[in-house]
Each structure stands twice: as C-alpha cells, then as structure tokens.
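> Got these off Swiss-Prot a minute ago, pasting:
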- 1-20: signal peptide (SIGNAL)
- 30-309: domain 'CN hydrolase' (DOMAIN)
- Glu79: active site, proton acceptor (ACT_SITE)
- Asn86: N-linked glycosylation site (CARBOHYD)
- Asn117: N-linked glycosylation site (CARBOHYD)
- Lys181: active site, proton donor (ACT_SITE)
- Cys214: active site, nucleophile (ACT_SITE)
- Asn261: N-linked glycosylation site (CARBOHYD)
- Asn365: N-linked glycosylation site (CARBOHYD)
- Asn375: N-linked glycosylation site (CARBOHYD)
Amino acid sequence: MFSFGTVFTFALLLIPLTEAVDSSYVAAVYEHNLILNPDPRVPLSRLEALQHLQKNLDIFEVQAARAAQQGAQIIVFPEDGLHGFNFSRTSISAYLETVPDPEQESWNPCLEPLRHNNTEVLQQLSCMARRNNLYLVANMADLQPCSVSAAPSSCPPDGRWQFNTNVVFRSDGLLVARYHKYNLYFEAAFDAPPEPEIVTFDTPFAGKFGLITCFDILFQEPTVILVEKGVRQIIFPAAWMNQLPLLDIIQFQRAFSLGANVTLLAANIRNDQLIMTGSGIYTPFSATYHHAQRGDPEEGRLLVARVPVLDPEWLGHNAASGEAAAVDESSGYCYSETCLDSPASTAPVFVSSMMYDPFTFALLNATDGEMRVCNGTFCCYLQYRWVTETGRTELYALGAFDGTHTVNGRYAVQVCALVRCAGSDASSCGQEVDEAESKLDFMLEGKFASRHVYPSVLSSGMVLEQPERVEAAADGRVSLKHSNVMGGLVTACLYGRMHHLDTA
C-alpha cells in the first residue's frame, strides 16, 4: 500500500500536448509546517511580529540552502507561510510591509536595506535568494497607502490597501515581481486589488513565469488570462484546505497542469487541523508531489525536480497548440459523435450531494457496460469494465452536475465524475473517500460549454494516476480514458469551469 507521506515521482507520455523540449531547469517547492501566532486576533507590536516572523524565516533559510545544494534554480514557498492565518484587519497591522512596485522601482533590499523603513522581511528574503543564488518566491502581507478623498475612490476607509502578496527575488536579491491576490478566500485581513493583476517575471534559465495564489487557480482572472497570454509556467503558493472527492489539492494541481498544458510549481502549507497538505512540481508529462498521511509527523517537506522549459519565447519557437491526439480506433472505446447520444442508463438515477452540490448519479451495477447520466441538459457518458472481482463489494457511481457552486465560494462548473461511494448505500455516493480496492478500466466523456476542463484520476492512498488518454474536440467534447490502474480507483473526474457563467 502506498503511504501518504511518500514523495511520488512519475514521468509520462501524454497526448502530444507540446513539442519535445530539450532544455530544462531545476525547481524546488517547500511544503511548510508553519509556526503560528497562537492568538492572531490580538494586535502585536512590530517587534513582537518580527519575532514571530523570524521563526518561519529561519526555516525558509534552511530549506533554501538545501534546495540550492540540490541544484535548484528557483524555490517556491507557500501562501501565508510567514505570518499564518485568521488575522483581523487590525491585528495583522504589525506584520505589514510596503512592497515597492518592481515595475516602477529597481531595488535590491539586501544591498540597500535602508532605502525603505520597516522592510525587515523583504531584506531577509532578498539576502536568502542572494546567498543561495536562486530565484525565490514567497508570500507576505503588504500595505499600500491610498487616498480616501480621491473621487472616485475604492480606497478602504482607513486609507490603506492590505494585500495578500507574492514577492519574487532574482538570484542576486533584486525584487523583480509583486502580485496581489485577487480571489480572496475568507481573508478578513486583506483587500482584493481594485483590478486583477497579470504579473509575470523572466528568468535566464527558463524564460517567463506567471504568478497566482491559491483560490485564484479556479478563476478566469488572473489564471486563465495568464494561460491565454501564452504563459506556460505558473507559480502557485497556496494555503489550501483539501476536500475530497474532487478538490484535494494534488488532484487539482495535476488536473490543472494537464488541462491547461502548463508547468505548475505548487507549494502548500502543512497543517493537519486545517486539512492542509499537498505540494508538487507538475508538467504536462511528469509530476513530483507529496501528500501527508493522517498520523504522519506534522513536518515540512522539500521537493526538488528537474523539469523541461515550456516558455516558447525562451525556446525560440512556438509550442504545439495542444490539439487532440489521433483517435485510437482499436481501443474498444467510443469516440464517435454518437457516444453522448447513447441511450440513457437503465439504472435508476438519484440525487446526492457531492462537494455541497446536487449531483445526479447512477450506480455501476454490472461487471462491464456503458451508461449515460444527465443533470439537466448536461450529460456524462461512461464505458467501464471491472478488472478485479475483489473490490466488487465497493459501490461506484457516475455523477453529473451543471450549475453554480455556492458554498465557500461561488463559481459555475460542469463536472463528470466516476466515484467510489463511501458505503454500501447510494446515499453515500459523493462523500469523502481516500481508499479503494476496485480496479476499473474506463472511458469518461462529457460535452462541455467551456474549453477549461481539467482531467484527473486519483487512486487509493492519495496517489495520482496518469490518464492513459485525454482528448478534447472542437465541439466541447472531452474524454478521459484510463486502464491498468495501479491502485483502487477513488475518483476519475472531468472538472469543467464555466467562467463565462460566473456571477458575483
């Protein structure tokens, strides 16, 4: 059995998403068991805040040095990794530093520490990058003064913006990028910037990278905008609370990398109480990732991997467009236009809540077969075959949902999911499960109203599986084929984001 605490690495040959790449670089991400402020609602003095920040900075220093020793050229630390969470707007005040805009001002905090007051964290991060000769990405709390009296003004009443902010330092310590998180997730201490920021930075070893933070990954701005602008390498600090069966962070990190055809450097917090774990270095053809097991020591984890450069400008040619692979007509699976027009499942359908959304489900009752389940006019199609009989006591269902998710965020989705149910009753379908014994070969297909569809296969023990085949057609049909599953199947999913249907 696989352990959650294991670092997994796999390389794969997916559908031909890009041309072969003969250039590479070494990336590192650090999953940080951060030292928290025990009472974040109580305001501190600047000295007290610095004493707390220093405890986490000292850990960052050790990990940056370890990464550099392994040849890393860039390291990513997680969201909230220095200060923590659950502050009020007032109580975070002592943690704030004003981060200058690198597009307006060239500043190396390590070499010019006296240029700006109250920038101790910026100075230490700058020197950390410089000492270890690597690019460094960290997340911190930023204060930007603004004018309340200006008309019109979106400035907060206290005359300052407080931003959840990613900062990037060049290998010589120069501050080269600043990104203010746009899609906040219950963050009372911070403001969303008035407009979404599309922020990139260039490196001499891999070209261009784009910056997003945690909840941003689910939204059009800035994430999809970056990808549509041709940014193929994304930095992703996160403090992500996992939720099965569809949005465990490693599951969606991998799905996003595949669906968007990008490299994702993802660093998460490790906090067992908040169900936070899961970091990785993902490309369209490889993944190195870590997911802790319940009961594992609550500690940090450094991941280092060599990955191909994907920036087409750096490579000097255009990357492939991501067209679907040729259909394998001998596969035994249906890829014709009639797949989704197949007769509806003879199994009765039922509604059960999954991720707080009312999915329409049908049970897999046969050893093999095909079925179609619809939620409104959105339909999901499945062909399946049980490979082993040992897991036939486990219940599986095909689920479909087309609508707006409204709990802990509001966004429109279309989802096709093959899930193992938590128990032997249909009402358990959609509940959280992380173990399974059943092995199935399958092809899952849906016709989506968006190009932004993210495929994933998750097997027992929080192990990611490489989909054998993913195809996307011009008419919105997306299919996910997988066989020879390594472990019991927990979830297979096509997660579509309907950005054009999002409402405030």
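Cβ from N, Cα, C; glycine included.
Where in this structure would I find these features, and how exposed are they?
Within the same chain, residues at least 6 positions away in sequence whose Cβ sits under 8 Å from that of Glu79 (active site, proton acceptor) are Asn139, Asn164, Lys181, Thr213, Cys214, Pro237, Ala238, Ala239, Ile269. According to DSSP, Glu79 (active site, proton acceptor) is assigned to coil rather than to any helix or strand.
The C-beta environment of Asn86 (N-linked glycosylation site), restricted to residues of the same chain at least 6 apart in sequence and closer than 8 Å, consists of Pro40, Arg41.
Sequence-distant contacts of Asn117 (N-linked glycosylation site), defined by Cβ-Cβ distance under 8 angstroms and a gap of at least six in the same chain, do not exist. Classification of Asn117 (N-linked glycosylation site) by DSSP places it in coil, neither helical nor stranded.
Secondary structure at Lys181 (active site, proton donor), taken from DSSP and collapsed to helix, strand or coil, is coil. Other Cβ atoms within 10 Å of the Cβ of Lys181 (active site, proton donor) number 28 in total over all chains.
Its Cβ placed at the centre, Cys214 (active site, nucleophile) has 26 other Cβ atoms within 10 Å. Classification of Cys214 (active site, nucleophile) by DSSP places it within a helix.
Cβ neighbour count for Asn261 (N-linked glycosylation site): 20 (other Cβ atoms within 10 Å of its Cβ, all protein chains included).
According to DSSP, Asn365 (N-linked glycosylation site) is assigned to coil rather than to any helix or strand.
Taking a C-beta cut-off of under 8 angstroms and a sequence separation of 6 or more, Asn375 (N-linked glycosylation site) has the following same-chain neighbours: Phe359, Thr360, Ala400, Phe401, Asp402, Gly403.
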> List, in sequence order, the same-chain residues at least six positions removed whose CB sits under 8 Å from that of Asn365 (N-linked glycosylation site)?
Ala347
> Which secondary structure state does DSSP assign to Asn375 (N-linked glycosylation site), in the simple three-class scheme?
strand
